[in-house]
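Please read the structure below before turning to the comments.
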Amino acid sequence: MSTTFQLDTATSRANPTPQPMKRLTVPAIQRRKVEGVTADPLVMLTAYTARQAQLLDPHCDLLLVGDSLGQVIYGLPSTLPVTLDMMVAHGAAVVRGSYHSVVIVDMPFGSYEASPQAAFTSASRIMAETGAAGVKLEGGVAMAETIAFLTQRGIPVMAHIGLTPQAVNALGGYAARGRSEAEEAKIIADGKAVAQAGAFAVVIEGVVEPIAVALTQALSIPTIGIGASAQCDGQVLVTEDMLGMFERTPRFVKRYGDIAGMISATAAAYAGEVRDRSFPSAEQTYQPKA
Ligand code: KIV
């Protein structure tokens, strides 16, 4: 898949030109799992900005505007302070920057837990103001009624179970889940409940591998793993983690690049040229017409 560009003459920047292709849909994502098997695994990455979405879109099936943007973009200590306004602004930017992937926007903490009606108010705002294809929310059995309420009213829901970062205070940290029999039984029950309630897919985060494998085999909806198992129907990572933007990342992250090193080296090169006055050179300088 290629991206072509149009020159914005006002800013001299290139904007991607939408390709003559249809954006993937939620039903198309769900249909990738046939009789319990996803031959072509689903690729999902987080995206928070239009330019990031442009670059990731050709390689992904789904772009997730995760509430992880709280830590990644805003330097917050957790996802808890993230607001609906933030999710709407970044969700709209990612939809503007993509034309192929299904865009899913996280519902932030406090915007959906109180009641199915509260969840509908928040989710419908996300859908109307961003143009996203669906929302993601954290929780299993406890959120089943809300998931059914939203899906019956035309809002596709991706569920998120296992290690649910918005519940960090109740869980006591970000350690992997499912090491005790009680935790295992809860996560399995959560997965079955969200599928039964109508979620179109479920993110399984930070669980011991056999639970992710068992859920992937048991559920007819796609499972998307993060710190779960290669046997899941798809995978997701926080893009900045995957690019090597941070010095420390969770064990389940594989760094495919060293973007932090690249930014640092590039900024150092710029700083050096500013200080020795070799930038800007004649090439970057305007002169009066002769
Ligand atoms: O907020 C997020 O980025 C997420 C993914 C890590 C699944 O929920």
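Every residue, even glycine, has its Cβ placed from backbone N, Cα and C.
For E205, the entry in TrEMBL reads active site, proton acceptor. Its own atom aside, the Cβ of E205 (active site, proton acceptor) has 24 Cβ atoms within 10 angstroms in the protein chains shown.
Per TrEMBL, the feature 3-methyl-2-oxobutanoate binding site maps to D67, S68, D106, K136. Around D106 (3-methyl-2-oxobutanoate binding site), a 10 Å sphere centred on its CB holds 29 further CB atoms from the protein chains shown.
Annotated Mg(2+) binding site per TrEMBL: D67, D106, E138, in sequence order.
Taken from TrEMBL, the feature compositional bias 'Polar residues' applies to 1-16.
Sequence annotations record features per position, and here TrEMBL assigns region 'Disordered' to 1-21.
Across the structure, D106 (3-methyl-2-oxobutanoate binding site) and E205 (active site, proton acceptor) place their CA atoms 14 angstrom apart. For the binding-site residues shown (D67, E138), fewest C-beta neighbours within 10 angstroms: E138.
The separation of E205 (active site, proton acceptor) from K136 (3-methyl-2-oxobutanoate binding site), Cα to Cα, is 13 Å. For E205 (active site, proton acceptor), the nearest of the binding-site residues by C-alpha distance turns out to be E138; the candidates were D67, S68, E138.
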